[in-house]
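Novice: Here it is, the structure in full.
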Amino acid sequence: MKREKAYTGIDGFRIAAALLVAAIHISPLAAWNETGDFILTRVAARVAVPFFFMTSGFFLEKGTENRMEKLAAFTKATLRLYLISMIFYLPLNLYMGYFNTKLFLPEFLKDVLFDGTLYHLWYFPAAVAGAWISVLLIRRIGFKKAFIAAVCLYAVGLLGDSYYGLSAKIPVLKTFYDNVFAVADYTRNGIFYAPVFFVMGAWIAENEGRRSIRGGLSYFAGFLLMLVLMTAEGLLLRAFGLQRHDSMYILLLPCMYLLFRWLLFFRGRRRERLRDISMVIYIVHPMAIVAVRMAAKLFSKQTYLTEHPMALYLAVLLLSGLAGILYCQVMREWKKRHPMRSPSEGCRSWVEIDQGSLMHNARVLQKDMPQGCRLMAVVKAGAYGHGDTATARCLNRAGVRAFAAATIDEGITLRKEGVQGEILILGYTPASRAKELRRWRLIQTVCDHEHALALEKTGIDLQVHLAVDSGMHRLGISVDDVDCAVEVFQMKHLKITGIFTHLCATDSSRQQDIEFTESQLGTFFGFLEKLSGQGIVLPKIHVQSSYGFLNYPDIDCDYVRAGIILYGADSGTDTWVRRKLDLRPALALKSTVASVRKVYAGESVGYGRAYTASSDRDIAVAAIGYADGYPRSLSCGKGSVLIKGRRAPIVGRICMDQMMIDVTGIPGISAGDTVTLIGRDGEEEILASEVAEQAGSISNELLSRLGSRLTYLP
Ligand SMILES: *Cc1c(COP(=O)(O)O)cnc(C)c1O
């Protein structure tokens, strides 16, 4: 499996950001030049925390795992760190008399939720709130609107922060902010401040684009320019005395966007240690400040520190940096003693998806399409067993912007997981669900005239594609019914953005099937001409699915609806393919050996005693059965599997949850060994099409029926 390069730029900047945060709390330049210190600590250093938020937003969105699960894991990890930090600072709280206040409980709650029990700890609740707000917004209303909403929150924050001087003059705003400040010390918190950076990070993760030196340089130049302008903004605000606090600037948003884009340019080795060290510096530097001050007191050198804040700063960096390195060393030892388990460890049976292959296939198909034609990735039925949201989000990253699902519920799931672009529902959706179609921005197929009428009658504006029946006799308005189609085009609530037909014999090389396909194409395009003749402006056109594309490549269309070939599988082993493309299987189906036993000559194996050993055999039991989607018809030697790089036949009848394999002659097999049912093991490979063919079916059925009990490993 090819691994993507890690984000070295982001890892490196974490250290810079931690140093900047420490600078904010020490003001190292204060003794030399007040304005210089303002620029460093009140303006430039303000990129640090947004950078951490953007990084979290970026990695929450990256990858194709379930977003809500990732969010839950992020929340748990952040809250744990928060708790540890609070406990770490308890002695300091005690020393500073934190617990002596009269209104202790409300103050404490306020601090835990917004301000932090020590000044820099506000970061943790803000990160959690920001992550939740941004993920829920993106999920609910899509990136664009989520960004607008987050910018609005930020604007509210601004007017209570750097621009407070303006709102204080307007009575309504003043009352509003008085109330806000009764609950939180600043608007620089998880509600007003963090979400926009999380959304921006997530958006960049989805739209990373290609890297180029020119791009990298222009992002850097843009960032510097914005930084200069933001400095001007900060100095102006200060000159007019408008700032209540100085965390938020208008220009901080473009500044962060450009900075982050620039950092993405640097890719290479993963720098996990930098990440850990920066985290430790962030958490412990206030403690280091106290420690250095106490040491100075011990030697009666306090005045030296006040006069030379830079010395204090350097000492604090040294101390907290050392703490970070120590932490890494301890973690390394711990990891050595507790090695990471392989992803499939503990799994009974699992599906491995190679996302690199999926992206490769998408690129090969896109490259092979005629100019102006785009890939519509068919991700129905759990993306043919590959996992629909993971597949669609991975394809999003390969630049795919059109998807097809079979049902409205599949479409909604894709949207909820943040899939971008058009989603066409290929199957029937009852008109009673029109509202949901609209709400989740799904495009509905019009199945026939009656369906069109029903959808129109709802009075809800819908985007639809019109299906045309050119001979398959499944869905669509018949090619003979031009008038009927014209009527649908004139419906007020149906916005027809596409028209398509489905070919039903493209994988056959029989002469009469080729002629049939050509007649389907002829009647469909004739039908379109007639529509044009009636003054209809034709919408987007699509005709081919996988085999249509492989065997009839030169059709003038706007989309190709590719399913099975996108997954790098052939339907069957000897289906007709006019041209070969370099496509790679993306899925492997694997299981584990549950038990190994000897069966002596004359003994039988499994239900119905369907297999009797003619000589002494070694039998391995694999923990997978027909309930996992492996066809029972492959029982009794019809199917085989790979184990230790060798082929071994299935013996006896396949059970619901297990199957028996004859491993005689393959030495050293024991419980826990991996069994490959589809995929590669050493030199040997089993293709989905082979398994399907032996079972009397096609890969499409085999893959889409893989059971929900399997674990999915990306
Ligand atoms: C399933 C389906 C496809 C995809 O078919 P493949 O042969 O897997 O590429 C395309 N169009 C329609 C209408 C479908 O139902």
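First residue shown is number 1, and so on along the chain.
Glycine residues also receive a Cβ, built from the backbone N, Cα and C atoms like all the rest.
What TrEMBL records for this protein is below:
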{"type": "ACT_SITE", "residues": "Lys380", "note": "active site, proton acceptor"}
{"type": "ACT_SITE", "residues": "Tyr607", "note": "active site, proton acceptor"}
{"type": "BINDING", "residues": "Arg474, Met656", "note": "substrate binding site"}
{"type": "DOMAIN", "residues": "586-713", "note": "domain 'Alanine racemase C-terminal'"}
{"type": "MOD_RES", "residues": "Lys380", "note": "N6-(pyridoxal phosphate)lysine"}
{"type": "TRANSMEM", "residues": "12-32", "note": "transmembrane segment"}
{"type": "TRANSMEM", "residues": "38-60", "note": "transmembrane segment"}
{"type": "TRANSMEM", "residues": "81-99", "note": "transmembrane segment"}
{"type": "TRANSMEM", "residues": "119-139", "note": "transmembrane segment"}
{"type": "TRANSMEM", "residues": "146-166", "note": "transmembrane segment"}
{"type": "TRANSMEM", "residues": "186-205", "note": "transmembrane segment"}
{"type": "TRANSMEM", "residues": "217-241", "note": "transmembrane segment"}
{"type": "TRANSMEM", "residues": "247-265", "note": "transmembrane segment"}
{"type": "TRANSMEM", "residues": "277-299", "note": "transmembrane segment"}
{"type": "TRANSMEM", "residues": "311-330", "note": "transmembrane segment"}
Novice: List, by number or range, the same-chain residues at least 6 past the transmembrane segment (217-241) whose CB is under 8 A from its CB atoms?
Specialist: 35, 38-39, 42-44, 47, 162-163, 165, 249-252, 254-255, 258-259, 261-262, 265
Novice: Measuring Cα to Cα, how many angstrom lie between Tyr607 (active site, proton acceptor) and Lys380 (active site, proton acceptor)?
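Specialist: Cα-Cα, rounded: 35 Å.
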Novice: Work through the recorded positions one by one (Lys380, Arg474) and point out the residue whose CB has the fewest other CB atoms within 10 angstroms.
Specialist: Arg474
Novice: Sorry to bug you, but what's the C-alpha spacing from Lys380 (active site, proton acceptor) to Met656 (substrate binding site), rounded to the closest Å?
Specialist: 26
Novice: Near the transmembrane segment (277-299), which residues from the same chain, at least 6 beyond its ends, have a CB less than 8 A from one of its CBs?
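Specialist: Residues 14-15, 17-19, 21-22, 25-26, 81, 85, 88-89, 92, 118-120, 123, 305, 312, 315-317, 319-321, 323-325, 327-328 contact the transmembrane segment (277-299) from elsewhere in the chain.
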Novice: So which of the recorded positions Arg474, Tyr607, Met656 sit close to ligand 1, that is, with a CB under 6 Å from an atom of it?
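Specialist: Going through Arg474, Tyr607, Met656 in sequence order, none turns out to be close to ligand 1.
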Novice: Would you list the DSSP helix, strand and coil counts for the residues of the domain 'Alanine racemase C-terminal' (586-713)?
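Specialist: In the domain 'Alanine racemase C-terminal' (586-713), the DSSP-based counts are 22 helix, 51 strand, 55 coil.
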Novice: Is the transmembrane segment (119-139) in contact with the transmembrane segment (186-205), using three or more Cβ pairs under 8 angstroms as the rule and ignoring pairs under 6 apart in sequence?
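Specialist: Between the transmembrane segment (119-139) and the transmembrane segment (186-205), which are separate recorded stretches, there is contact, as judged by 3 or more close Cβ pairs.
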Novice: In terms of Cβ proximity under 8 Å, which residues at least six beyond the ends of the transmembrane segment (38-60) contact it?
Specialist: 10, 13-14, 16-18, 20-21, 23-24, 27-29, 67, 70-71, 74, 123, 126-127, 130-131, 134-135, 194, 197-202, 204-205, 227, 230-231, 234-235, 238, 246-249, 252, 255-256, 259-260
Novice: Whole-number Å distance between the CA of Arg474 (substrate binding site) and the CA of Lys380 (active site, proton acceptor)?
Specialist: 17
Novice: Which of 12-32, 81-99, 119-139, 247-265 has the most Cβ pairs closer than 8 Å to the transmembrane segment (311-330)?
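Specialist: Stretch with maximum Cβ contacts: 12-32.
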Novice: Please compute the mean pLDDT of the model over the domain 'Alanine racemase C-terminal' (586-713).
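Specialist: PLDDT averaged over the stretch: 96.
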Novice: If you count every Cβ pair below 8 Å, which range out of 12-32, 81-99, 119-139, 247-265 shares the most with the transmembrane segment (146-166)?
Specialist: 247-265
Novice: Using Cβ atoms and a strict cutoff of less than 8 Å, what residues sit near the transmembrane segment (247-265) while being 6 or more residues removed from its termini?
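Specialist: The answer is 7, 9-10, 12-13, 43, 46-47, 49-51, 54, 58, 151, 154, 157-158, 161-162, 186-188, 193, 196-197, 200-201, 204, 208, 211, 213, 215-216, 219-220, 222-223, 226-227, 229-230, 233-234, 237.
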